[in-house]
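Features as listed in TrEMBL:
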- A:8-159: domain 'Aspartate/ornithine carbamoyltransferase carbamoyl-P binding' (DOMAIN)
- A:SER46, A:LEU47, A:ARG48, A:THR49, A:TRP74, A:ARG109, A:HIS146, A:PRO147, A:LEU148, A:GLN149, A:CYS274, A:LEU275, A:ARG302: carbamoyl phosphate binding site (BINDING)
- A:GLU141, A:HIS177, A:LYS238, A:ARG278: N(2)-succinyl-L-ornithine binding site (BINDING)
- A:185-310: domain 'Aspartate/ornithine carbamoyltransferase Asp/Orn-binding' (DOMAIN)
Amino acid sequence: MNYISIKEINSLSKWVKQAIKIKKNPLKNQSLGKNKTLGMLFFNPSLRTRLSTQKAAMNLGMNVMVMNFTNEGWTLEFEDGAVMNSGASEHIKEAAEVVSQYCDIIAIRAFAGLVDKEKDYQETVISGFLKYATVPIVNMESAIRHPLQSLADAITMEEFKPRHKNKPKVVLSWAPHPKALPQAVANSFVEMMQMQKDMDFVITHPEGYELSPEITQDCKIEYDQNKAFENADFVYVKNWSNFNDYGKVTNSDPNWTVTAEKMALTNNGKFMHCLPVRRNVIVSDEVLDGENSIVIEQANNRTYSAQLVLQKILKKI
Amino acid sequence: MNYISIKEINSLSKWVKQAIKIKKNPLKNQSLGKNKTLGMLFFNPSLRTRLSTQKAAMNLGMNVMVMNFTNEGWTLEFEDGAVMNSGASEHIKEAAEVVSQYCDIIAIRAFAGLVDKEKDYQETVISGFLKYATVPIVNMESAIRHPLQSLADAITMEEFKPRHKNKPKVVLSWAPHPKALPQAVANSFVEMMQMQKDMDFVITHPEGYELSPEITQDCKIEYDQNKAFENADFVYVKNWSNFNDYGKVTNSDPNWTVTAEKMALTNNGKFMHCLPVRRNVIVSDEVLDGENSIVIEQANNRTYSAQLVLQKILKKI
Amino acid sequence: MNYISIKEINSLSKWVKQAIKIKKNPLKNQSLGKNKTLGMLFFNPSLRTRLSTQKAAMNLGMNVMVMNFTNEGWTLEFEDGAVMNSGASEHIKEAAEVVSQYCDIIAIRAFAGLVDKEKDYQETVISGFLKYATVPIVNMESAIRHPLQSLADAITMEEFKPRHKNKPKVVLSWAPHPKALPQAVANSFVEMMQMQKDMDFVITHPEGYELSPEITQDCKIEYDQNKAFENADFVYVKNWSNFNDYGKVTNSDPNWTVTAEKMALTNNGKFMHCLPVRRNVIVSDEVLDGENSIVIEQANNRTYSAQLVLQKILKKI
């Protein structure tokens, strides 16, 4: 069993319930991971993912080896048949096969390069590990997906959803950001929402900022942010760089910043963000520090999201 | 309970005794830290602090997560109300609140920038964590303090003090160094000496190299190094950059280097330094390698200083 | 007991047998390393060594502290009597003595600089630790030796050697590489082969690429690669930079790349390489991916090579 995309989840509601159970007693399965080793390979920076995944593994009694691949290891070649006479010292084939011999589970973080859309959307790095590794692979944010985050988001929504409403309304809203960011968090959030029964979902962003149609499929898109926010129970905010004009920042309109005025349009909606968040660019201090902000709880649930995934994998190996 | 400054210590003599007891049986409290996690966040290089604090935590049975924040995480913003549209990706508020959810204790190393005196002396980084974290904070050397070092120094002096002398004499001596260094070690040493009963204390440095008067208060200052060394039982040597002409190296007089001739003025005095030390600049090989040098023992006591602090915190959480 | 060179091994055949025994039940000695700490200090990148040595230590129940010395610690001075007023902040003497107080075993990786032959062949870094440390030292690849690799190679050859042949033939073949590489792996392999009874050994490389004569001694050298490969049971391939024209790449002849045609000259020979390997420069994909390639098994044996060494040291401390 791998955990590459939120689509690995057979029943989202079941997984969410299991994660909430783990949260109540996180040390219950401490013998499950005994003498099992998690290798965490980072090709990019990480705070929450790094610490929460490590914490989850330790809760399960696992050994953890953390490696910043880019500066602690060798430059990898991903192309088959390459004549490796320039930069890369090691082919993904050997790297993945070798690491598989030292670890029972390999977790990988490898962001989008945001230059070559096709390469990013083929998930070159994580697909390479998936192809050649002989142990389960966990995605700690790949070029186009961040399924540990989205599972934590689902857990958090379950905890905070209004109890007496049939179909909570969830908005995914783009917001401005000075630097080009990957679409991974948004993509996985969309894929997770497609698995939610009994929720209304709408995506809002400036025209031209459409996510991949293969991801959004028939999701509702509303270009008027105010209209999208109306009566929302959850507002999930995230910047992403342009998918069509790939990896570019083509809009930085401060009118898209999430403010108290905008949150006032919602149904006392909760504010969500995966963090790190740029204050007063993505969202005003007032909203982020307000009582409806649940970003810290979201981050906390990263531990239980990771722990559930590791636990499921451990039970199968 | 936090450990930000040596002033957190209610009774220095009691703490020193407790640390020496730990040193005799360091694994005695191995169940105390079980399933507790220490997060060690480094904004700067570290050898002794990194390894001794980790060792102390492991002696207590804790899990440890080490993170080099600067290159493994995100650039932090410390100013409240900042519009985060330039370098920093994450505000200290979220960072501290989030990490608090994964760790039971957070230890932080964040040196002085030596550019903005006010900012350094406000302890921007560690104060930020202190303000927003929801778990105890341990100072692994902040902009202006290094209290784990000073506690280790106190332990070492207790072990090596002359047994038949009423009031040992302790000298803190400045010595030259090619690069600008923080005042943290000197500051905390001074603060620790102010808590010592039954010790004579004198600070010696070139004129103009006065430490912050808020730190030194009514400590005796002697500008003649030779005179200061007379009859000393401990000579604690350390360079610091200018406090008044802030962060500058305004003196590199080799006459301040500690040599055998100078040590001959002392009462068979012990040579102390926190390490790393530049040989034949701060101190001559002869002195550092001599039998009165106790720098290695000092470094060893870093483990027990850290272990005592962690142990006290663990007992309160 | 240290493990600096393959020459520390009193009986290679015995050690190989012991390692194979460990491989069958790697967790058998899990109490041996309890409350013992391995400090792993890296001055250079590492994938296999980093993870396999850590895994070996964890199999023995040890605590592990990993430190990338170059960017996490201080720049070291190795010269005795140096006036340390320029780059280096800490002398190897203090560093080694201090780390010895926090660790029960210190493992070090420090590559050749490939600029100063004498300095490299004096093993400045690891010799400095050896001189001043007060605990056992393990070589995780030094300037001129990589004995954990060579022990793993010996284990692998034992597992794959032809059962009905009296004296298997082993070839160490140079192959081209775009960048200058150390001679460490080749040197230690040669030293290991000199300890093999009942194996025929030949080294092949272009003229002028002779390894140190103090290492190769009376080993057979064959400048015709094809001739060397004839009837070989193992072909161990590795690039090294020029020893005479020190650290230079004076040959990049693609005719030395190991291909299927060349392997056809062997006695159904196994292909070995320490990894990382540059595909289609050192060796063709066809050979590396072929069924006679045992590079992944070699890498797997790194765990048991390290575990045997740690186990032997632990039994003596």
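Note that Cβ sites are derived from N, Cα and C of the backbone, with glycine treated the same way.
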Other CB atoms, at most 10 A from the CB of A:GLU141 (N(2)-succinyl-L-ornithine binding site): 26
Between A:HIS177 (N(2)-succinyl-L-ornithine binding site) and A:ARG48 (carbamoyl phosphate binding site): CA-CA distance (Å): 20
Binding-site residues satisfying Cβ distance under 8 Å to any chain B Cβ, from A:SER46, A:ARG48, A:HIS146, A:ARG278: A:SER46, A:ARG48, A:ARG278
A:TRP74, A:LEU148, A:ARG302: the binding-site residues whose Cβ falls under 8 Å from a chain C Cβ: A:TRP74
In sequence order, the binding-site residues (A:SER46, A:HIS146, A:CYS274) whose C-alpha falls within 10 A of A:LYS238 (N(2)-succinyl-L-ornithine binding site): A:CYS274
By Cα-Cα distance, the member of binding-site residues A:SER46, A:CYS274, A:ARG302 nearest A:GLU141 (N(2)-succinyl-L-ornithine binding site): A:SER46
For carbamoyl phosphate, whose listed binding residues are A:SER46, A:LEU47, A:ARG48, A:THR49, A:TRP74, A:ARG109, A:HIS146, A:PRO147, A:LEU148, A:GLN149, A:CYS274, A:LEU275, A:ARG302, the greatest C-alpha pairwise distance in Å: 30
DSSP three-state assignment for A:LEU148 (carbamoyl phosphate binding site): helix
Residues satisfying Cβ distance under 8 Å from A:HIS177 (N(2)-succinyl-L-ornithine binding site), sequence separation of at least 6: A:ASN239, A:VAL249, A:SER252, A:ARG278, A:VAL281, A:ILE282
Cβ neighbours of A:TRP74 (carbamoyl phosphate binding site) where a neighbour is any other Cβ within 10 Å: 19
Same-chain residues at least 6 apart in sequence whose Cβ lies under 8 Å from A:SER46 (carbamoyl phosphate binding site): A:ARG109, A:MET140, A:GLU141
Residue counts (helix, strand, coil, in that order) that DSSP gives for the domain 'Aspartate/ornithine carbamoyltransferase Asp/Orn-binding' (A:185-310): 45 helix, 18 strand, 63 coil
Among A:ARG48, A:LYS238, A:ARG302 [binding-site residues], residue with fewest other Cβ within 10 Å: A:LYS238
A:ARG48 (carbamoyl phosphate binding site) - helix vs strand vs coil (DSSP): helix
